[in-house]
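Colleague: Can you keep this structure in mind? I'll have questions shortly.
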């Protein structure tokens with residue numbers, strides 16, 4: 001029989017070609033394999049964390065054209081919004097533009113969703129406003145830096161799961177309340193009023209008290225802008241030519257769509273031109289104008305770690321104390337909104353929450369070096385980006401470049417923007433965030449969720465958005481923990497194949513310390529009332545996923561209660577994790593079975609060995625006699641006297 005000569009491994013040697021000694025083997029095929037694995041793992045890591053390395057090698061001219069159109073369209077949308085949101089945040093308008101460009105560049109490098117645009121939003125502006133009331137802009141910039149640091153820390157620790165504890169009802173209540181707060185805060189700009197307010201109730205009260213000071217031309221301009229903006233919002237849905245439009249009809253529809261998506265920029269531009277025409281040197285303008293903006297790019301510098309205002313100096317610790325809970329709440333809300341937008345535009349693909357956390361953290365940290373306020377993803381601008389046909393995150397680069405161009409060349413012309421037009425832009429953006437339509441389906445499906453939603457909504461309006469959402473989350477956690485403290489207990493009477501009656505008590509949820517007393521009382525009450533202190537009780541443990549030491553001690557006390565009245569108690573199909581906890585406390589009388597056959601056998605053996613009778617009545621007949629007594633009525637003669645246990 002022929003023998004096959006074994007082939008030597010593919011190796012490169014130094015030295016002679018005859019039989020190799022061990023020291024002559026220097027490199028072999030395993031070395032290139034390890035290098036390839038290292039390169040592959042490095043590439044996977046870069047593609048996962050530095051996302052531009054994944055799509056940039058495939059970037060082409062077609063994608064460039066699509067991204068350029070989308071980027072310019074979003075840029076024209078973000079400029080008037082940024083000015084308005086800075087005013088909403090209690091800052092000078094140029095801070096809105098400072099906040100609008102850095103996130104675009106950072107997200108293009110690290111972001112995982114091509115549609116998202118990072119920048120100032122109405123929600124972040126409102127939450128920033130809570131920290132700038134009576135303070136200077138340094139607090140908003142430091143809040144941006146600290147928010148980024150918290151988001152980076154959450155990303156490194158993979159704490160994106162914490163966002164899942166904020167349920168949809170709480171989110172709906174929060175966004176609806178903030179929309180109402182933002183809308184009412186713009187009434188003074190819409191009416192040309194000038195006053196300072198703190199909070200929703202104070203703002204509404206002062207609007208009514210200053211209503212007599214309304215500037216009629218600002219009100220007319222603001223209401224006209226709202227009507228036109230809402231009309232322009234609908235023209236993109238106009239269909240021309242039926243199912244098969246001609247080329248000319250397609251161009252008309254595309255033009256209508258372009259007018260609709262850039263309506264904010266067109267409206268602000270038209271109002272600014274009108275204000276410029278009506279303005280006369282040396283006289284007061286017909287409208288309340290934005291005023292002079294600081295021209296040029298923002299200075300590149302460290303975030304302010306100390307500041308002075310109102311003859312007070314605050315160091316870093318003092319500033320953090322003033323910012324309070326917003327240091328945690330603002331970044332969490334920003335992440336919540338950003339992940340929600342990413343999911344909305346992901347088309348069913350999974351979202352890497354950790355990557356979004358890290359990217360948003362970098363956007364805020366980098367933005368704080370150019371005097372930015374806290375930023376996050378904008379749903380409205382992301383929708384415009386998506387509808388404009390963006391192909392890659394490079395669209396954000398063109399948006400950022402347009403903002404830089406505006407800061408460099410256009411800031412002198414922002415002087416003539418009427419505040420009423422900016423107020424109209426904000427109002428038209430937030431009124432569609434009030435999600436009243438979810439109340440009806442929520443009432444039909446889960447009414448307890450309405451409690452969390454209503455509490456969040458009301459408290460956000462009454463005491464502040466940060467406290468409102470915290471209370472809403474707390475209510476959700478209570479609803480989440482309640483089943484652990486009060487698990488479901490289902491009792492039914494069953495009969496074995498051999499004719500022995502017993503009570504099956506089925507417990508739901510886990511067996512942890514909040515539920516110990518409740519379970520002990522419920523099972524004991526079932527054994528006494530429904531089992532006449534005689535029928536064996538079988539505790540169904542199939543749905544109990546875990547247990548703790550307190551619960552184990554409670555089970556020991558429950559078993560002891562049953563033994564004192566000489567009533568059998570068994571446990572059916574407990575899980576291994578539960579058994580290990582219960583055995584850990586030294587339960588000697590803990591009897592458990594794993595199958596129905598074992599249960600039948602155990603009940604039969606215990607019944608025959610104990611020979612227990614109920615005043616000469618067999619144990620398995622007790623339940624039937626009790627049933628007959630119940631049917632006979634309360635005034636009938638008892639068929640079964642009081643228990644008198646004795647051995648057979």
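Yeah, the Cβs are placed from backbone N, Cα and C, and that goes for glycine too.
Since the structure is predicted, the reported quantities are computational estimates derived from the model, not experimental observations.
Copied straight from TrEMBL:
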type	residues	note
DOMAIN	503-610	domain 'STAS'
REGION	1-27	region 'Disordered'
REGION	629-648	region 'Disordered'
TRANSMEM	64-83	transmembrane segment
TRANSMEM	95-118	transmembrane segment
TRANSMEM	139-161	transmembrane segment
TRANSMEM	216-235	transmembrane segment
TRANSMEM	256-278	transmembrane segment
TRANSMEM	323-341	transmembrane segment
TRANSMEM	395-415	transmembrane segment
TRANSMEM	421-439	transmembrane segment
TRANSMEM	451-479	transmembrane segment
TRANSMEM	499-519	transmembrane segment
Colleague: Compare 95-118, 139-161, 256-278, 323-341 by their Cβ pairs under 8 Å to the transmembrane segment (421-439) and return the stretch that comes out on top.
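Modeller: Comparing 95-118, 139-161, 256-278, 323-341 against the transmembrane segment (421-439), the winner is 256-278.
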Colleague: Between the transmembrane segment (64-83) and the transmembrane segment (451-479), are there at least three Cβ pairs closer than 8 Å, leaving out pairs fewer than 6 positions apart?
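Modeller: Between the transmembrane segment (64-83) and the transmembrane segment (451-479), contact is absent.
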Colleague: Quick one: DSSP breakdown of the domain 'STAS' (503-610) into helix, strand and coil?
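Modeller: Result for the domain 'STAS' (503-610), in helix, strand, coil order: 58 helix, 17 strand, 33 coil.
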Colleague: Under 8 Å for C-beta pairs, could you tell me which stretch among 95-118, 139-161, 216-235, 323-341, 451-479 has the largest tally with the transmembrane segment (395-415)?
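Modeller: Comparing 95-118, 139-161, 216-235, 323-341, 451-479 against the transmembrane segment (395-415), the winner is 95-118.
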Colleague: Determine whether the transmembrane segment (139-161) and the transmembrane segment (323-341) share at least three Cβ pairs under 8 Å, counting only pairs 6 or more apart in sequence.
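Modeller: Yes, the transmembrane segment (139-161) contacts the transmembrane segment (323-341).
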